[in-house]
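Taken straight from TrEMBL:
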{"type": "DOMAIN", "residues": "1-309", "note": "domain 'Major facilitator superfamily (MFS) profile'"}
{"type": "TRANSMEM", "residues": "6-27", "note": "transmembrane segment"}
{"type": "TRANSMEM", "residues": "39-57", "note": "transmembrane segment"}
{"type": "TRANSMEM", "residues": "63-84", "note": "transmembrane segment"}
{"type": "TRANSMEM", "residues": "119-141", "note": "transmembrane segment"}
{"type": "TRANSMEM", "residues": "184-206", "note": "transmembrane segment"}
{"type": "TRANSMEM", "residues": "218-242", "note": "transmembrane segment"}
{"type": "TRANSMEM", "residues": "254-274", "note": "transmembrane segment"}
{"type": "TRANSMEM", "residues": "286-306", "note": "transmembrane segment"}
Amino acid sequence: MPWMYYAARFLAGTSVGGVFAVIPIYVGEIAEDSNRGALGVSMNCFVCTGLLFSYIVGPFVSIMTFNLMLAVFPVLYLVLFFVLAPETLQHDRGDVKVKIEERRGTFLDIFRSKGTVKAFIIAVGLMTFQQFSGINAVLFFAQDIFEAAGASLEPEICSIIIGCTQLAASLLSPPAVERLGRKFLLLLSIIGIIVSEVPLGVYSYLKDEDKDVSGISFLPILCLVGYIISYNVGMGPVPWAMLGELFPTNIKSIASSAVAAFCWFLGFLITKYFKSVLERIGMGPSFWIFSGCSAVAVPFFFFYVVETKGKSLREIQDNGECADVTSSLLAQKLQSLVYFTSDDKLKNP
């Protein structure tokens, strides 16, 4: 029954969208300043692990078996999270709870101070450039890229190769983000994406024009690998990690949800209309458009995005970069109420 697939896909998509909005907030609340970035970008490692699992197992089992196997992970998550994970703000909230309720913000509150407007612009900009870097297009046409290089591989093998590359690259991000910083990693990543997409577009254009490209048949795979590494080191994980750092407590949930919804909406539009654009202008110019969008991101990252490496949430929000002072003081008060002991139980100071 097709409607069941649509219903299941809708529920799964809604759930994943909610998870991507909540996890950056939760990680930002429980992490220390020294490891908040590494924990934030680690989410991408687990996403890539899940994709690789799907690439390895999915083609070789039935749909029912595959989905039953996948259902094990959410059940395990429920047990581990609700039984073992600490509730960040569960103990000793006192009058702070009242203050939170009094200052609980709305979507319009985002636009009532320069700091929160800047934070919102940064978050929306990060997600926009993430989607317009062309990740969906590159992955959707990965099989064509392998074929263009003359690789006679089965689609399943191509997917596994891509999944392994994604996972390996994502593992580089946690140690790099704390050593190099968010801005540097974003700049390094977006420059790598541009360097990968421009020659890929040139190759595709020459091939569409029936030019002899046999001498550079290795170029598509080289560009594909370079793109996947560049994306998963920075542009993939860092925007989500920063989403949990930029906003003050009173608007963090509503702002993060709005930004996450905007990100997935852009992904939907690009996925839906990319094929039409491809048929009209060809693969080469399509990749050039993505590389052009990525080039616009360079000055945005360099001049506008704030560096949050090694800073507390209070420092990020109090110095006029991303939030109002009152909200950030409240966030600091909340953080001071809790700490972790060696057995990972939340205790009172």
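Positions of Cβ are set from backbone N, Cα and C atoms, glycine also.
Not measured: the values here are computed from a predicted model.
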Criterion met for the transmembrane segment (39-57) and the transmembrane segment (218-242) (at least three Cβ pairs under 8 Å): yes
Ranked first among 218-242, 254-274, 286-306 for CB pairs under 8 angstroms with the transmembrane segment (6-27): 254-274
Residues from the same chain, set at least six apart from the ends of the transmembrane segment (119-141), whose C-beta lies under 8 A from its own: 110-111, 162, 186, 190, 193, 197, 224, 227-228, 231, 235-236, 238-239, 242-243, 246-247, 255-256, 259-260, 262-263, 266-267, 270-271, 274, 283, 286-287, 290-291, 293-294, 296-297, 300, 304-306, 321-323
Residues of the parent chain within Cβ reach of the transmembrane segment (254-274), under 8 Å, 6 or more residues beyond its termini: 13, 17, 20-22, 24-25, 105-107, 109-110, 116, 119-120, 123-124, 127-128, 130-132, 136-137, 140, 239, 243-244, 247, 286
Mean predicted confidence [pLDDT] for the domain 'Major facilitator superfamily (MFS) profile' (1-309): 85
